[in-house]
Structure formats: structure tokens, C-alpha cells
């Protein structure tokens, strides 16, 4: 029998601007998914503690921004360890999207992959926040390019390569190609709540709509030849009221939920939850036949037989850039460029 892995893709609304409440809900969803046989669960972009939708209405809001910082999640914090402990207790891998808070109160759009054993296998930051997201979040660095890890599911499944990107990172050809090159089998495409496009005459970008974003995830599946867990959040009247987004470009109507599972050839494998009501919460489940990845790549492997690295290749700098480098720890290349004045 072919190895099969049950996955769970959340379509849920966070407890907006409430770290403790969202962590509690996260653990409840992890438990629910595990009780239904899932061995991996995916969460959307900035699930903890909600995507800051007000930035698309008013980029400067000191009160909300400050509250958002205080309610963002720090790596190694008790709240993070609570999520990891829940994953370990239920032997389920967790791919978590969150607003990361550093010790200096900077924020990053981050993702973590937690193993069924409770270990943090991956912590990465979005390479470049999109448009007005830059009013809140900083950039990732070289280490964040390594975004695929080996997850040991044990039993008949064993080790599977799982990776993640956030939102419009799925528009970046070089970043996608680098991710493919790491041998990814299951990819989590994390998105915020996203709404259908209003129509051809509307000035809003189709590529930011529910249809456009799913198209990007399906394209990713085709190019990468692996399964894609397309994970979106939900925003109801509660979120709109909390963030004051009724008159904003985005988050002005209840909805946003369009989670699904996409096969290695790009086809959608699951039906919309609740008859397609994007304001309803739930979990999408799918049983993945991992041999389909092998079969698909016998036709198309963009980082293998279906490529020409002798003609086209990608250069990568994976070094993490530090803000402060002591002089005695400078790289040789930096030292070589230092000009020491002659002593008279």
C-alpha cells in the first residue's frame, strides 16, 4: 500500500489582538485535527495574533500597532512552548504562521515548523513584506531562504520534506525556485483572509483576490511538483470591528476563508467548506498519496531532468546578515576593504 499522510488545513478566525486567546484556539485546533487522524496541520499567515488588516485602511495607527506588538508571538516564549507541547502531546506536525516579536519590539511575518516530537525544526521570516505591510514588519535575511525541513512522521510514512512560504512570496520566481531545489514534497502556502475579486472593472488587483491567490498556489504546485496546502484565514464582523476596516481596501466584508489542498499536478483535491461560505470556520482534511509526487516528477522536475543548469542557474546568499559585527569577527572580505591611514 502506498504511504498516505492525512493533513489538516485550517480555515479559522483568530482571537484578534489577543495572544493568549489565539494560542488557546491554536491548541484546540491542533487537538481537533489530531483526534481526526491528521498528522500535520497548517495555519495561515499571521495566524497569531491575526493579520493586521487595518494597514490597508490607515498605515499609521499608533494604538493598534502598539497593541499588536504586545500581542505578537516570540520564539521560545511560554506561549510558543505551549503550542509545541500540544504538538508533541498529540504527535502532530504544526506549520504555524505568526507575527513574530523580537526583544527590541520589531515585528516580522514569520513561520515555524514544529515536529510531532515537539521540536522547532524551522523558524523563518518573510523575505519582503508586501506593500504597506512594510509599515509594520521588517525583512527576512539569508537564513530565511532555507525553508524546507525533514519531518519524521514515523511508521510507514517516515521522513517527509515539508516547506513553507507566506502570501505573495508565491509571486517571486527566484524564491520559489530556491524552495523547489530543496526537494519539498509538501508545501504550506500561508495566506491572510482573502476575498473574491469584485469584477473586471474594479481597480483592485486580481492577483490579491481569492481567485488570484489560489491560482498562485496551484501554479506553485505545478512548478514544484508537490502537494500544496493552501491555507487562508477568516475575518468576520468581529475582526472588522476590532481593526476598524469597514471602509478599507481589504477586510471590509466578512469572509476570507478559501482553504484547500492542491495536488502535485495543480488540481484542487478538496471541496470548499460549508458550501463555499468564506465566513465559516472549519478544517479541510485530505489523505495524501506521496507516491503521486514521484509519479508527477517523472514528467516534470524543474530542479532535475527538466532543467538546463548549464544555461540558466540561480545564485544564492544564505548568510544571515547581522546588525552589529564586532571588528575582530568581520568577514575577511570586509577586512580587506578597510583602509588604515598611514602614520606620519
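Glycine too: its Cβ is placed from the backbone N, Cα and C atoms.
The model shown is predicted, which means the values in this text are computed figures rather than measured ones.
Now, the feature entries from Swiss-Prot:
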- 45: active site, proton acceptor (ACT_SITE)
- 126: active site (ACT_SITE)
- 167: active site, nucleophile (ACT_SITE)
- 5-290: domain 'CN hydrolase' (DOMAIN)
- 324-344: region 'Disordered' (REGION)
Distant-in-sequence Cβ neighbours of residue 167 (active site, nucleophile), under 8 Å, six or more positions away: 45, 109, 126, 130, 190, 191, 192, 213
DSSP-derived class (H/G/I helix, E/B strand, else coil) of the residue listed as 'active site, proton acceptor': coil
For the residue listed as 'active site, proton acceptor', the number of other Cβ atoms found within 10 Å of its own Cβ: 28
Cβ neighbour count (within 10 Å, all chains shown) around residue 126 (active site): 26
